[in-house]
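Novice: Here it is, the structure, as structure tokens.
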Amino acid sequence: MAPGPFSSGLFSPPPAALPFLLLLWAGASRGQPCPGRCICQNVAPTLTMLCAKTGLLFVPPAIDRRVVELRLTDNFIAAVRRRDFANMTSLVHLTLSRNTIGQVAAGAFADLRALRALHLDSNRLAEVRGDQLRGLGNLRHLILGNNQIRKVESAAFDAFLSTVEDLDLSYNNLEALPWEAVGQMVNLNTLTLDHNLIDHIAEGTFVQLHKLVRLDMTSNRLHKLPPDGLFLRSQGGGPKPPTPLTVSFGGNPLHCNCELLWLRRLTREDDLETCATPEHLTDRYFWSIPEEEFLCEPPLITRQAGGRALVVEGQAVSLRCRAVGDPEPVVHWVAPDGRLLGNSSRTRVRGDGTLDVTITTLRDSGTFTCIASNAAGEATAPVEVCVVPLPLMAPPPAAPPPLTEPGSSDIATPGRPGANDSTSERRLVAAELTSSSVLIRWPAQRPVPGIRMYQVQYNSSADDSLVYRMIPSTSQTFLVNDLAAGRAYDLCVLAVYDDGATALPATRVVGCVQFTTAGDPAPCRPLRAHFLGGTMIIAIGGVIVASVLVFIVLLMIRYKVYGDGDSRRIKGTSRTPPRVSHVCSQTNGAGAQQASAPPAPDRYEALREVAVPAAIEAKAMEAEATSTELEVVLGRSLGGSATSLCLLPSEETSGEESRAMTGPRRSRSGALGPPTSAPPTLALVPGGAPARPRPQQRYSFDGDYGALFQSHSYPRRARRTKRHRSTPHLDGAGGGAAGEDGDLGLGSARARLAFTSTEWMLESTV
């Protein structure tokens, strides 16, 4: 059945085009998106990307890394970064022409192992460094024309010396090239160096360039071309025709003389090179000038030093020699002994042909020869130099004694005269010998006239190298330092003097000596100064610490001894007051407070009760009641000031006695309660006369002054304690009154009481 007009076969592609369309669809589906305003052609197996005149400021980062050909021409890319072409191992052709590239990062093309053509022309490159083109091992075409390149490093082309075929460095500012690297480009076909500032080509540069077919040196500053077998290939005969070679060197200021005669003899056509010099050949076509006119002029010396130059020994002298010729001659100098002079520590030849001798010697006396040479010949001119010797300080003796021949100045020379002479050896003395130094002495050398200096030579038995020391002629001793310990040394002293017969410096052996240095010192060496200082500091610190510890121990022992003595004194005698265990005070009707106070060292007299009759005890209680009422009245009259008496037990009393000794306590109303029993020990203020209270010394326990009294309770004499007017009942408790001597009448029993400030405490608060 034939297909209808609307059959699906009308919309299906032809069978022959189906594989091609599938291939295009597969390539498009696998490829990355094309950068904006760029044209991408993904025709397998080639991926081409064209981004010309798109205004790019840098290399787009979205470029497919599988691209084979990339053209980024006519943009504004200013720099090539390291990451711009990273991992583009399939890139074969890269064009960056007509941009503003001024910087190329090191290793920017390191991943382009398959790159064959690199176009960087019409940019702003100023130099080509050795690390910029690294990694281009398969490069065939390198186009760097129309830049601002002034310098090309010698290692810039090392990566592709054996593979490059086309090198273009035209329209730059090059004054020189690494000609040695260019000579190793064995596969080079085209070398374009036109419109630069090159003025010299190294001889033998093109010897190995057998495949070179085009050399363009147009518009440079070349004056001549070195003869090279490269230019003679087209003239060689034989069954094999020569390789065609095109050499262009027009626009150079060629100097047409005999040095370019080899080039004139070549058969060339349609070349319009002209001559710039000499004057009679200016602006004439190079190939139209007859060979007879390519002439050279031999050198002519136009200026030289006078026929004779006088100079004092040791001073400098300059010998001038100028020559003219075509080509410009080169000047050399020859010494009086026939040596060709060059630049050394004593002589220097300038570029204009002047010879400078910085230090003249007597051997410089004679005729120096100036030689000027070029391709046409050479010219010579002699210059005589007369060196005047230095005058001697003392005139030589009229008849000097006969001397042996001057010996060698080297101690290592065998058979030196006087070296083994016993007389000379006795003249030299080695004194003050140590492991690293020795002092050498020798007598004055009167028979030798005009001694300039002494030379000391010595070497070790384990080392054949000589050590030289030059010392003044006035010295007769020399200290040799830096010697090795335990070694044998040979030492000789030589006198350097003026030989009157030859007018040259001569040497004579003064004497020789052999000695052996002392052995190594003991392995235990004294401590160095800084170590010794540290040890002294540690020792002094230890002494100080030990002294402090001893002082502390003594203080502790003393404190313990005195503490034990005080306790024994308290327990055994009545001269030391007992330690206070409680302090009872009352202020303005407040409750009793207790505080501990340190014992006072003051001595008081204590009155102990031996036997108290019942009648006396009743009278004492009656007197207490009377005094209590009087105290209440006085307290009210003083504006609320109150006084309290506390009976403090001593350490000798037992617990029951302490409870029995507790004195009457004052109630909230200010009345004293009756005592439970008579106290065996009473703490009273010494002295019979009552004392007026001192308001300026009153203290109050209302605040936190209890702690103050505890930490700062200093002992006070009983006579400084003020008696309160509320205590007269203590004076009459025994039926008697206190006398001037402090005795109290207690019936038939009288005793002496010792009072302490801690056993009787009086407080008065206003």
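If you go along the chain as it appears here, the first residue is 1 and each next one adds 1.
Here the Cβ of each residue, glycine as well, is placed from N, Cα and C on the backbone.
What you are looking at is a predicted structure, and each value in this text was computed from that prediction instead of being measured.
Residues annotated as compositional bias 'Basic residues' in Swiss-Prot: 714-727. According to Swiss-Prot, the feature disulfide bond maps to Cys321-Cys370, an assignment based on sequence analysis. Annotation source Swiss-Prot lists domain 'LRRNT' at 32-65. Residues or ranges marked as domain 'LRRCT' by Swiss-Prot: 252-298. Look at Swiss-Prot and you will find 299-386 tagged as domain 'Ig-like'. Per Swiss-Prot, the feature domain 'Fibronectin type-III' maps to 424-520. Positions annotated as topological domain 'Extracellular' by Swiss-Prot, on the basis of sequence analysis: 32-536.
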Novice: Within the domain 'Fibronectin type-III' (424-520) only, compute the mean pLDDT.
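Specialist: 81, rounded to a whole number.
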Novice: Can you tell me whether DSSP puts Cys321 (disulfide bond) in helix, strand or coil?
Specialist: strand
Novice: For Cys370 (disulfide bond), which residues in the same chain are close in space, meaning a Cβ under 8 Å from its Cβ, but six or more apart along the sequence?
Specialist: Ile301, Gln304, Leu319, Cys321, Val331, His332, Trp333, Gly353, Leu355, Thr380, Ala381, Pro382, Val383
Novice: Let me check the 10 A CB neighbour count of Cys321 (disulfide bond). How many other CB atoms are there?
Specialist: 26
Novice: Per DSSP, what is the helix/strand/coil residue tally across the domain 'Fibronectin type-III' (424-520)?
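Specialist: Summed by class, the stretch gives 4 helix, 56 strand, 37 coil.
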Novice: Can you tell me how the residues of the domain 'LRRNT' (32-65) break down into helix, strand and coil by DSSP?
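Specialist: Summed over the domain 'LRRNT' (32-65), the classes give 0 helix, 10 strand, 24 coil.
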